[in-house]
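Engineer: Have a look at the structure that comes next, please.
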Amino acid sequence: MRVRYKPWAEDYLKDHPELVDMEGQHAGKMTEWFDKTQPIHIEIGSGMGQFITTLAAQNPHINYISMEREKSIVYKVLDKVKEMGLTNLKIICNDAIELNEYFKDGEVSRIYLNFSDPWPKNRHAKRRLTYHTFLALYQQILNDEGDLHFKTDNRGLFAYSLESMSQFGMYFTKINLNLHQEDDGSNILTEYEKKFSDKGSRIYRMEAKFHSQK
């Protein structure tokens, strides 16, 4: 999805307590941003925030982090957090490659990857969020019981991700090849997912863990 640049977005994001600043040492201290010490779940690439804000509202016993690098859409997540009065959701405006700057080893319980950019050209494979470089980061910050939830409408990215995770030493606890046909009612739609599922697009989903987190 191409994001339209909004020159005012950067100023808008300044001085909001819901936004984790990009300065200083955060690894191991992320719980200090929340009112309560609770398990931490992250969504990488939150878009406009429908998925993560819905989760946070439904699960006040979990602390959520929305990680989105595009300032021009982060403000939409911020507005939702403020409007809904969510105290268990904070926002990081940065790239996923910087994950270990924010989280120490074993600090996270779950990672969500929803409709990530497929980067279809082979020369761009290293940018895919299921490339081995990113998997190594996830393994580092997830605790021993932690898992990864992945959802996409792109069959090629799904097949690539299954292979990439298997080669990295992960195993799958759930695989859905047509999520909306198999859904038990627990699925939370993203904005993107709603748009394309209404057009009949098949949605693929998996849950995976590392054989050895450390």
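Cβ coordinates are placed from backbone N, Cα and C, and glycine is handled just like the others.
Pulled these features from Swiss-Prot for this protein:
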ACT_SITE  ASP117  active site
BINDING   GLU43, GLU68, ASP95, ASP117  S-adenosyl-L-methionine binding site
BINDING   LYS121, ASP153, THR190, GLU191, TYR192, GLU193  substrate binding site
Engineer: Name the secondary structure element type, per DSSP in three states, that contains ASP95 (S-adenosyl-L-methionine binding site).
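Structural biologist: DSSP assigns ASP95 (S-adenosyl-L-methionine binding site) to coil.
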Engineer: According to DSSP, collapsed to three classes, what secondary structure does ASP117 (active site) have?
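Structural biologist: Where ASP117 (active site) sits, the three-state DSSP reduction gives coil.
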Engineer: Determine the minimum-neighbour residue: among ASP95, GLU191, listed as binding-site residues, which Cβ has the fewest other Cβ atoms within 10 angstroms?
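Structural biologist: Among the binding-site residues ASP95, GLU191, the lowest count of other Cβ atoms within 10 Å belongs to ASP95.
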Engineer: Just to verify a number: CA distance, ASP153 (substrate binding site) to ASP117 (active site), in angstrom, no decimals.
Structural biologist: 11
Engineer: For the recorded positions GLU43, ASP117, GLU193, which one has its C-beta crowded by the most other C-beta atoms within 10 angstroms?
Structural biologist: GLU43
Engineer: Just to verify a number: CA distance, GLU43 (S-adenosyl-L-methionine binding site) to GLU191 (substrate binding site), in angstrom, no decimals.
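Structural biologist: Distance (Cα to Cα, whole Å): 14 Å.
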Engineer: Out of GLU68, ASP153, which of these binding-site residues shows the lowest number of other CB atoms within 10 Å of its CB?
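Structural biologist: Comparing Cβ neighbour counts within 10 Å for the binding-site residues GLU68, ASP153 gives ASP153.
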Engineer: For the substrate binding residues given in the record (LYS121, ASP153, THR190, GLU191, TYR192, GLU193), what is the largest pairwise C-alpha separation in angstrom?
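Structural biologist: Between the most distant Cα atoms of the substrate site, 25 Å.
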